[in-house]
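Asker: Let me give you the structure first, and then I'll get to my questions.
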Amino acid sequence: MAKEKFDRSKPHVNIGTIGHVDHGKTTLTAAITTVLAKKGFADAQAYDQIDGAPEERERGITISTAHVEYQTDNRHYAHVDCPGHADYVKNMITGAAQMDGAILVVSAADGPMPQTREHILLSRQVGVPYIVVFMNKCDMVDDEELLELVEMEIRDLLTEYEFPGDDIPVIKGSALKALQGEADWEAKIDELMEAVDSYIPTPERDTDKPFMMPVEDVFSITGRGTVATGRVERGQVKVGDEVEVIGIEEESKKVVVTGVEMFRKLLDYAEAGDNIGALLRGVAREDIQRGQVLAKPGSITPHTNFKAETYVLTKEEGGRHTPFFNNYRPQFYFRTTDVTGIVTLPEGTEMVMPGDNIELAVELIAPIAIEDGTKFSIREGGRTVGAGVVSNISK
């Protein structure tokens with residue numbers, strides 16, 4: 001069969017499989033590609049191709065992730081599947097694979113298990129907005145009442161972590177039987193993809209979000225003003241727009257963008273992904289510095305106190321060799337700069353070991369533009385010892 005051309009006209013969505021070890025995440029991923037391949041919507045991937053995912057490095061952290069792509073009638077999907085539990089934790093915290101929605105795989109024969117709970121909690125903390133459930137291995141359970149019981153358990157668990165447990169689609173199927181080509185079970189994969197299509201909304205594109213650009217460098221051009229350079233993280237900025245300079249200083253300042261330059265050419269506007277120089281009126285060279293952001297006024301605010309879901313690197317990953325304790329004071333690297341912060345451990349936690357995944361409370365010594373979902377690295381003397389994502393802002 002001839003390879004299909006990548007169809008840009010379909011909206012793109014990032015999803016992934018989550019759930020307890022051996023409940024069938026990878027088998028389901030293989031089954032989705034195999035069933036969709038029959039419609040010409042995917043390249044069929046065997047279990048082994050997905051399971052043997054190569055290791056990648058994201059912010060100094062080693063993660064194994066398999067990436068597959070496929071499409072439905074309505075959309076194009078990029079799908080991530082991780083071999084090990086630790087890979088999920090790292091993946092979700094570093095945002096190496098940002099998910100617009102997830103397929104939670106639960107074995108009907110076992111019901112929800114510890115990692116089922118952990119992955120739901122992680123999804124809540126790092127901001128995976130939507131979950132669809134695939135109850136797998138239903139061919140192994142003859143008792144209809146037992147299936148209903150497991151479904152109720154899953155729904156209750158989702159509700160416990162503030163997902164709409166009563167409304168979430170739950171599809172009962174068998175990934176293995178679908179993979180083996182049994183028509184009744186293949187239909188369940190179609191049903192799952194219809195649920196994913198309709199229940200997980202198409203995400204807002206980065207260019208449609210409010211403008212933000214982390215400042216990387218600043219210099220002045222005599223007679224013209226101050227230029228701040230950086231990569232536009234989201235939204236767009238036009239010549240004449242008023243933007244706010246946020247972070248590091250106590251007070252945010254409003255300035256006007258009088259010019260936008262890229263590759264030494266003048267532009268009318270710039271958008272997410274562009275590396276630009278923004279010419280600013282009404283601000284001196286010393287009033288703006290690396291680590292601040294330019295943003296649409298009112299869209300993001302500076303904070304010093306927050307809670308964060310973090311992963312602490314192991315010794316093998318180049319992290320610490322020893323645990324850290326309450327009042328640990330590392331550097332927190334947000335976007336383009338390091339800021340010292342003081343760590344408070346959760347009640348009842350004496351220390352944090354390399355390899356741990358934990359929610360920390362942090363107080364920065366200077367305010368930084370952050371919001372729920374902002375990613376950062378934890379560093380000591382320039383080397384990365386952890387990664388985190390803001391889960392709750394307190395001040």
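Every residue, even glycine, has its Cβ placed from backbone N, Cα and C.
Pulled the feature table from Swiss-Prot, pasting it below:
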{"type": "DOMAIN", "residues": "10-204", "note": "domain 'tr-type G'"}
{"type": "REGION", "residues": "19-26", "note": "region 'G1'"}
{"type": "BINDING", "residues": "19-26, 81-85, 136-139", "note": "GTP binding site"}
{"type": "BINDING", "residues": "THR26", "note": "Mg(2+) binding site"}
{"type": "REGION", "residues": "60-64", "note": "region 'G2'"}
{"type": "REGION", "residues": "81-84", "note": "region 'G3'"}
{"type": "REGION", "residues": "136-139", "note": "region 'G4'"}
Asker: Test of understanding: give the count of other CB atoms lying within 10 angstroms of the CB of ASP22 (GTP binding site).
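Answerer: Looking across every protein chain shown, the total is 12.
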Asker: Short question: most Cβ pairs under 8 Å with the region 'G4' (136-139), which of 19-26, 60-64, 81-84?
Answerer: 19-26
Asker: Please count the residues of the region 'G2' (60-64) that DSSP assigns to helix (H, G, I), strand (E, B) and coil.
Answerer: 0 helix, 4 strand, 1 coil
Asker: Who are the long-range neighbours of the region 'G3' (81-84) in its own chain, taking Cβ under 8 Å and residues 6 or more past its ends?
Answerer: 16-17, 21, 25-26, 29, 50-51, 53, 63-66, 68, 91
Asker: Within 10 Å of the Cβ of CYS82 (GTP binding site), how many other Cβ atoms can you find? Include all protein chains, please.
Answerer: 24
Asker: Out of LYS25, HIS85, which of the binding-site residues has the smallest number of neighbouring Cβ atoms within 10 Å?
Answerer: HIS85
Asker: What mean pLDDT does the predicted model reach across the domain 'tr-type G' (10-204)?
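Answerer: Computed over the domain 'tr-type G' (10-204), the mean pLDDT is 91 on the 0 to 100 scale.
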Asker: Look up CYS82 (GTP binding site) in the DSSP assignment and report helix, strand or coil.
Answerer: coil
Asker: CB neighbours of GLY19 (GTP binding site) within 10 A?
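Answerer: Here the count is 27.
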Asker: Rounded to the nearest Å, what's the C-alpha distance separating GLY19 (GTP binding site) and the residue listed as 'Mg(2+) binding site'? Just drop the number here, would you?
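Answerer: Rounded to the nearest whole number, the Cα-Cα distance is 10 Å.
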Asker: According to DSSP, how is the region 'G4' (136-139) divided among helix, strand and coil residues?
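Answerer: Across the region 'G4' (136-139), the residues distribute as 2 helix, 1 strand, 1 coil.
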Asker: If you draw a 10 Å sphere on the Cβ of THR26 (Mg(2+) binding site), how many other Cβ atoms land inside?
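Answerer: There are 23 such Cβ atoms around THR26 (Mg(2+) binding site).
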Asker: By DSSP, what is the split of the region 'G1' (19-26) into helix, strand and coil residues?
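Answerer: So the region 'G1' (19-26) is made up of 2 helix, 1 strand, 5 coil.
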Asker: Between the Cα atoms of HIS85 (GTP binding site) and the residue listed as 'Mg(2+) binding site', find the distance and write it as a whole number of Å.
Answerer: 13
